[in-house]
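Chemist: Pulled the feature table from TrEMBL, pasting it below:
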{"type": "SIGNAL", "residues": "1-21", "note": "signal peptide"}
{"type": "DOMAIN", "residues": "51-134", "note": "domain 'Thioredoxin'"}
{"type": "TRANSMEM", "residues": "188-214", "note": "transmembrane segment"}
{"type": "COMPBIAS", "residues": "223-239", "note": "compositional bias 'Basic and acidic residues'"}
{"type": "COMPBIAS", "residues": "241-283", "note": "compositional bias 'Acidic residues'"}
{"type": "COMPBIAS", "residues": "330-346", "note": "compositional bias 'Basic and acidic residues'"}
């Protein structure tokens, strides 16, 4: 009786399930996913691009320009076997280290690699342009990334580490603000404090390392170096004093020399003045004496002429007039007065 009661009910439920499956079956049936020919590149397998010929695309899921080139990039990857090239892509959100290694600053970014030599592709991400870039070997006219710019260099490896740390910090910030609901300023304060503590810790580590590898000098050598340092400082301090003393001595000597020269000049000038005066005094006096002697000699002749008279035809010497002697005395007085007014020259 019980079986007869549940039998029709179970039959009805099974019929309804079969009908529902028949109606929604085609829509709910899982379609096979289309295979992607683009190979995702990560920090663990990026070294594959060091061999053979590759084209890489750096993108972000939120980037509209990157989404516009997805279909063209897939078509280019499908024809990769014909072009004999491998095609890869890098999600900069998931792989910040690779974006730092290639120093990606704009999105989307394309790179061409040929046997470990990398070049930046700056053309449009269109299939025709990409195909011509490979077939016509246009990449040969592009300057390669060599030296420290090469993604395989030590410098770019350090850059990859920095970008990886920044990516982890960004994910941690999102975890604090989105998942846990912590205010953004609290997250910033946490990172600032963590940076300070990390810096102090690294400084302590460097001090310990320096103390471990530091070799102290022997005591006598350290004392000697201290004495030499003090003597050098004392010598440096004495040098300005010696220079000032030398300057003072030189100034005093110059002053003395100038005074001596002035005195000698004064003496020379005095001697010259005295010589001139003597010459002037001697010359008029000699003239006066000569005139007087001439007058005395002519005196007897004049008396003879007065007494006997002069014969006609004889030349009678003229009597010298006293005017020249008086004029000579006047000139002598004038010169003396002029010398007295001038005085000794200093």
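Each Cβ is built from the backbone N, Cα and C atoms, and glycine gets one as well.
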Chemist: Within the domain 'Thioredoxin' (51-134), how many residues are helix, strand or coil going by DSSP?
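Modeler: The composition, in the requested order, is 32 helix, 24 strand, 28 coil.
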Chemist: Using DSSP, break the compositional bias 'Basic and acidic residues' (223-239) down into helix, strand and coil residues and give each count.
Modeler: 17 helix, 0 strand, 0 coil
